[in-house]
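**Q** What follows is a single structure, and I will ask about it in a moment.
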């Protein structure tokens with residue numbers, strides 16, 4: 001039986017808590033079952049060098065895990081003096097996804113940074129991060145608009161992310177840590193509510209997969225993303 | 001008027017929430033007003049090189065702040081590739097304090113690491129960290145005992161910490177961020193319930209201070225620490 | 001017109017030159033048009049800590065670009081003191097792909113490292129790297145077998161990689177740098193000759209894509225990979 | 001018996017040698033018994049970013065130990081690629097103390113850096129550094145005034161520092177390395193000649209301490225600091 | 001017998017291949033026997049801070065080795081996070097040599113960077129690098145002139161480099177790896193075609209050497225350099 | 001006129017002060033005019049990995065400059081997080097020279113580290129370091145012998161170092177900073193008292209040099225080294 005008594009294509013309980021930070025322009029805590037990520041969206045009135053003078057804005061992301069977010073303690077990246085390749089890969093994915101969610105040219109010359117910090121990990125930290133980051137991003141943009149910094153709300157593309165895998169020959173959605181470790185195939189999907197793809201990353205962990213399996217995973221992932229987008233819309237009002 | 005309508009020698013509302021992590025052997029969230037720190041205590045069956053073969057254990061601490069725990073975003077230490085001097089100074093203070101709380105020779109050859117991660121900062125993050133770390137430490141030791149890893153509970157010295165300052169000529173306890181920025185003197189006190197001192201660090205920020213002022217600050221700090229130790233005892237049962 | 005007068009689904013001229021290093025156990029130079037990558041496969045009689053004593057081997061990869069492999073000079077990563085996120089992401093992809101190509105449990109307690117160094121870049125450096133790395137890997141294994149280090153040849157899964165994109169509304173295979181910069185969608189596919197997928201990574205660069213576009217890209221990529229696998233087989237004899 | 005046949009509240013022989021560097025604007029060598037620190041004060045016509053355009057100056061400090069200043073060789077921090085937490089903690093303490101010694105707003109937009117390099121260590125390197133740094137600072141300011149860079153001498157607060165500890169139940173001043181290793185309590189005091197405190201940092205090393213012990217340590221430290229300030233005044237003329 | 005059936009004072013076969021990079025302003029591959037180095041010369045329209053506003057240009061060099069350029073794999077410097085002392089020493093030598101080859105004041109405010117990357121190592125990588133770098137430098141300057149960036153060709157001092165050693169009591173020129181490992185004395189010479197010295201670095205590896213041996217080595221090195229300069233002139237037309 | 005009223009081939013006043021460190025097994029302060037270097041020789045009972053189990057010892061060196069050893073303050077390497085190429089080049093030179101001074105196979109499985117720290121710089125810091133390091137090395141070996149750690153004194157090759165240059169057309173020995181900055185040619189020579197060469201490194205700074213100039217520089221350097229070796233012998237007794 002899967003955790004939370006759920007079926008193969010069901011999500012874990014998803015809880016999105018908006019506005020969890022006193023300081024950040026936008027923030028949300030996102031829980032996918034026992035996975036818990038705190039996302040803040042910080043606005044800074046500057047852009048990276050390659051965008052200076054172009055009038056456009058920028059959206060970027062950073063990702064981290066508290067050392068004991070995991071079953072056994074990992075070394076603190078700040079103490080080690082560098083971020084792992086996994087961390088970099090994930091934060092690049094989150095950043096690209098968020099840039100697809102908003103029209104950068106309508107942001108003005110400012111940078112929005114989405115800090116996704118994993119408080120507790122149980123699989124799916126990157127997909128939970130993206131799902132929560134969209135909420136924090138929208139809240140930050142609304143704050144900019146209500147302060148008058150932005151004269152109108154930028155056009156947005158709601159999007160969310162979920163993991164899908166083949167475990168014991170079965171396509172399953174939103175894997176927890178134990179399933180993830182046992183999966184033959186692991187796929188992360190970032191998509192919109194109307195079925196358009198932002199990112200798809202599928203990896204044969206222990207077994208190669210064919211087009212049919214890919215299609216089944218995409219079907220499962222797309223359906224789950226509808227639910228996530230409904231959940232986002234609910235908290236965003 | 002001070003935040004939370006409190007008097008000069010009053011603490012902000014203190015909330016200690018034990019057992020906030022599924023994975024860590026011991027954990028607690030500690031809130032001093034709007035300051036919120038997550039502490040986990042991780043147990044590893046190894047000791048640092050200088051203790052190998054001596055039969056004694058070790059207790060250490062690491063400290064971090066989420067990038068947007070503060071009013072404006074700080075650069076992520078993991079991305080910068082090094083910890084600031086402030087971070088190092090604080091984590092050394094927490095580590096020394098925790099080593100004073102437990103008899104290392106009764107731990108067996110294992111290391112307990114207290115990770116104190118500031119989720120939201122509003123002054124007093126180091127004193128909140130120490131106060132919460134004591135709770136996480138005790139919970140981890142109890143877990144070791146109930147698993148049978150430790151045959152009996154090590155002897156403990158309950159301790160807590162508070163900041164004290166001189167603000168506008170008045171001695172105040174548990175400064176929030178605005179008071180801390182305006183303080184002439186800033187003192188951090190780590191002490192036991194029966195008035196013995198573990199650490200005292202007093203700094204003239206904008207004005208030197210005399211023995212009389214030091215005494216007044218110590219009086220205020222010691223009294224506040226009694227309350228913190230009662231709060232710890234309550235959650236530890 | 002595309003570079004090299006080719007059609008939308010055609011590869012650039014592919015040249016695989018085996019045995020280009022006097023020192024490495026296996027090596028190959030791979031050219032996809034003007035993209036040129038040197039791959040060496042080094043064998044070391046040790047395994048990473050997490051595999052010690054398990055009898056299994058390990059395959060890993062590192063990726064680098066000479067500073068002037070690109071149109072304008074990039075800073076040397078060794079001088080900067082760290083690898084970029086892009087580099088890490090790519091070398092992790094190559095490593096995973098190569099681990100799918102060979103049964104690790106038949107390697108004995110040794111590590112094979114595939115160093116993929118881009119001598120000249122014109123798009124597709126990661127897919128060229130994977131395609132060449134398979135050749136270098138097989139050559140190194142044959143060398144181990146002919147020296148008697150391996151008693152029999154490990155079972156292998158021939159695989160190769162290609163980039164696919166949507167450029168000006170058209171699905172195109174094996175993008176060069178100019179096309180890559182202009183692509184709306186960018187997909188990297190690692191697959192076997194019989195149509196099984198090792199990795200698929202698709203990214204909406206400027207425009208979201210739907211399942212139909214994904215299918216068309218996968219069709220184009222799979223067909224191209226057949227050609228690459230034939231080319232590999234030719235040089236491997 | 002204590003080193004140098006001294007009583008519990010006596011300093012080791014203190015030697016302050018001004019003007020030991022040909023290049024630095026101000027300099028001093030300070031010896032507390034066998035502890036020997038070289039301090040230079042360098043003046044640079046720039047301020048840190050957060051002070052730009054404010055007209056005020058800045059005073060900062062750096063601290064280092066030669067690798068064989070100690071009983072056994074320590075790894076060179078420059079070779080290791082980072083400063084230890086202890087180094088950072090000490091240089092922050094020296095910097096804060098020196099900023100208390102001079103009115104920053106009278107320095108003009110320039111930075112004075114106090115480099116404290118321990119040539120030989122035998123306990124009390126941080127307190128010797130502060131005591132010597134005050135001399136180097138004053139000499140540098142006089143040099144600026146005599147060159148006409150400063151039109152008048154900034155107002156100064158003479159200050160010095162000493163360590164105090166409880167060793168074998170006795171309060172002792174200016175601990176050497178052997179005493180420091182054996183001390184139950186270790187306190188560093190930075191203060192002025194008229195008994196005002198700049199910094200007080202007390203640590204229970206092996207035993208907690210009460211207010212009475214703290215008072216006795218402060219009494220001993222304050223008295224010793226008078227002697228140091230007389231010694232500084234003598235070399236400063 | 002020496003490799004390539006050559007006499008004690010003979011070079012290995014030297015192959016200089018100009019224009020090996022599509023992107024770099026100038027480039028050359030240089031082979032000294034089995035040693036193979038790829039050199040690119042990149043032109044950037046900026047100068048280091050210390051030359052700003054002086055109207056003069058700058059020439060600098062960087063050196064690297066592919067991890068498996070050597071008999072056994074070396075750790076990738078980019079992965080390790082720092083360049084070795086050997087790398088730094090070599091790239092400083094190449095940089096100084098190239099600055100002697102051209103009049104910096106005639107370059108205009110631009111920087112030419114010579115990237116010397118060792119593809120395969122068999123002794124003499126630094127001397128091959130310098131010999132090839134001169135070719136790449138001249139080609140880059142010609143490219144600048146033909147684009148009109150430089151109105152006339154800067155005056156050049158043709159130079160090349162060779163290693164010389166004492167092996168088994170015999171002075172030998174252009175040592176390969178095996179000879180280099182066995183040499184009692186190792187000398188690197190950078191010089192012009194008319195016998196003027198740019199750099200001479202001689203090291204007693206296992207045996208001290210006298211002036212007579214030094215003279216013999218210089219004689220051998222100077223003669224070999226004539227040949228290298230002829231080879232450079234041939235490819236430069 | 002040269003500094004210290006000396007002739008073109010004269011050294012600056014040389015002062016060698018042995019035994020300047022309480023802790024190090026051997027130590028010396030060396031002054032060449034205003035250049036002052038502190039050298040300690042530390043003995044550790046371990047060897048680098050490549051020498052383990054071979055019974056031979058190792059000699060190595062590290063070099064550093066205090067930040068204000070120079071005319072203007074340089075950034076502290078420990079704070080910057082890396083050593084410069086110049087530092088690495090110099091410490092490699094010192095290490096090689098010291099390994100030529102003693103028979104490593106007679107040291108037993110231990111490492112001698114020569115730390116050369118420049119207290120004040122005025123040209124010739126690397127040659128002063130080598131000259132002083134020989135003294136510290138011998139003193140450390142004697143200490144090992146008198147403690148009985150070494151049963152007999154290893155055989156030694158006395159050596160020293162000096163800089164030579166061509167300044168305004170004249171060969172000059174032991175350049176101070178001003179001469180060094182103005183020199184057309186700069187040569188560092190490490191040699192024995194009987195005229196055998198350990199290292200020679202000559203660099204054309206602003207002008208190429210011929211064999212005749214090299215010979216004149218070597219003559220001047222060799223003569224000066226005799227004086228340094230006499231000075232070493234005097235302090236070594």
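Yeah, the Cβs are placed from backbone N, Cα and C, and that goes for glycine too.
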**Q** If TrEMBL says E:124, E:125, E:126 bind phosphate, which of E:73, E:76, E:86 does it name for the same site?
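**A** Site partner of E:124, E:125, E:126 for phosphate, according to TrEMBL: E:86.
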**Q** With H, G and I counted as helix, E and B as strand and the rest as coil, say where DSSP puts residue E:124 (phosphate binding site).
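**A** It is coil.
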**Q** Enter the number of other CB atoms within 10 angstroms of the CB of residue E:125 (phosphate binding site).
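**A** Its Cβ has 26 other Cβ atoms within 10 Å.
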**Q** Measure from the Cβ of residue E:86 (phosphate binding site) and count the other Cβ atoms within 10 Å, all protein chains considered.
**A** 14
**Q** Looking only at the domain 'Exoribonuclease phosphorolytic' (E:11-140), how are its residues distributed among DSSP helix, strand and coil?
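**A** Its residues divide into 43 helix, 41 strand, 46 coil.
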**Q** DSSP says what for the domain 'Exoribonuclease phosphorolytic' (E:158-221): how many helix, strand, coil residues?
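**A** The composition, in the requested order, is 17 helix, 30 strand, 17 coil.
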**Q** Let's check the environment of residue E:126 (phosphate binding site): how many other CB atoms sit within 10 Å of its CB?
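**A** Other Cβ atoms within 10 Å of residue E:126 (phosphate binding site): 25.
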**Q** Cβ within 8 angstroms of the Cβ centroid of E:86, E:124, E:125, E:126: which residues besides those meet this for the phosphate site?
**A** E:63, E:90, E:118, E:121, E:123, E:127, E:128, E:129
